[in-house]
């Protein structure tokens, strides 16, 4: 991983190991940020994404990649953290059961803490409100509200060194995201998007995340390097 110099600006980037967050790392790097990536081992059934996140961080030259352990399966309430709840394999009405309660709020809070320690003022997250599953913590209103909270709740914020929550994919279609990442050199074969990925990172091809990914590559006119089981 690359070395940091005192002249470089720092950013903390939430990196799940999926398509969207990998694209965000590449975007931040292209803007000249020294990238500090953060992933979470939160009890998710698709733990293969953690290996993918490490690969992406290494490939895109993150200064440091940090994995935080959380026990969100102790709370449950989601098909991603409770093995007794099946992952839906067809679209459904409303917010799907793959929504993890307060996940992005928790993740951004920990990223905020790390950013304050690092002296970073920008936090990147790969949320999208166009081609997405309808999660409430992916909407622009959430991002804007969290930024306001961040600047009220931190020493840096109240001392005038405010934080910006960057969500560069917010209004892009999935195909636009794929094209943007490809133009920036993202190797999407390193990523894992599937909610039911096996230990080797192979995808089911049936869940909502697989569907959105497949549609994105198809609309972009590009081959999807996803491996399936």
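Cβ atoms here come from the backbone N, Cα and C positions, even for glycine.
As recorded in Swiss-Prot:
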BINDING   15, 16, 17, 18, 19, 20, 21, 22, 23, 24, 25  ATP binding site
BINDING   194, 204, 207, 210  Zn(2+) binding site
Rounded Cα-Cα span from residue 210 (Zn(2+) binding site) to residue 15 (ATP binding site), Å:
18
I'd like to know which of these binding-site residues, 23, 194, 204, 207, is least surrounded, judged by other CB atoms within 10 A.
204
Residue 19 (ATP binding site) to residue 210 (Zn(2+) binding site) - Cα separation in whole Å:
11
Please tell me which one of the binding-site residues listed here (17, 21, 23, 25) sits closest to residue 194 (Zn(2+) binding site), measuring Cα to Cα?
17
Which one is closest to residue 21 (ATP binding site) in space, judged by CA to CA distance, out of the binding-site residues 204, 207, 210?
210
Using C-alpha atoms only, work out the spacing between residue 210 (Zn(2+) binding site) and residue 17 (ATP binding site) and round it to an integer in Å.
14
For residue 17 (ATP binding site), write down the residues of its own chain that are at least 6 apart in sequence and whose Cβ falls under 8 Å from its Cβ; none is a fine answer.
39, 48, 49, 50, 51, 52, 53, 54, 55, 56, 191, 192
Give the three-state DSSP assignment (helix, strand or coil) for residue 194 (Zn(2+) binding site).
coil
Helix, strand or coil by DSSP: which one applies to residue 15 (ATP binding site)?
coil
Taking the centroid of the Cβ atoms of 15, 16, 17, 18, 19, 20, 21, 22, 23, 24, 25 as the ATP site, which other residues of that chain lie with their Cβ within 8 Å of it, listed in sequence order?
53, 56, 126, 191
Identify all same-chain residues not among 194, 204, 207, 210 whose C-beta atom falls within 8 angstroms of the centroid of the Zn(2+) site's C-beta atoms; report them in sequence order.
87, 89, 193, 195, 196, 197, 203, 205, 206, 208, 209, 211
Using a Cβ-Cβ cut-off under 8 angstroms and a sequence gap of six or more, which residues of the chain neighbour residue 25 (ATP binding site)?
13, 15, 35, 37, 56, 57, 60, 62, 124
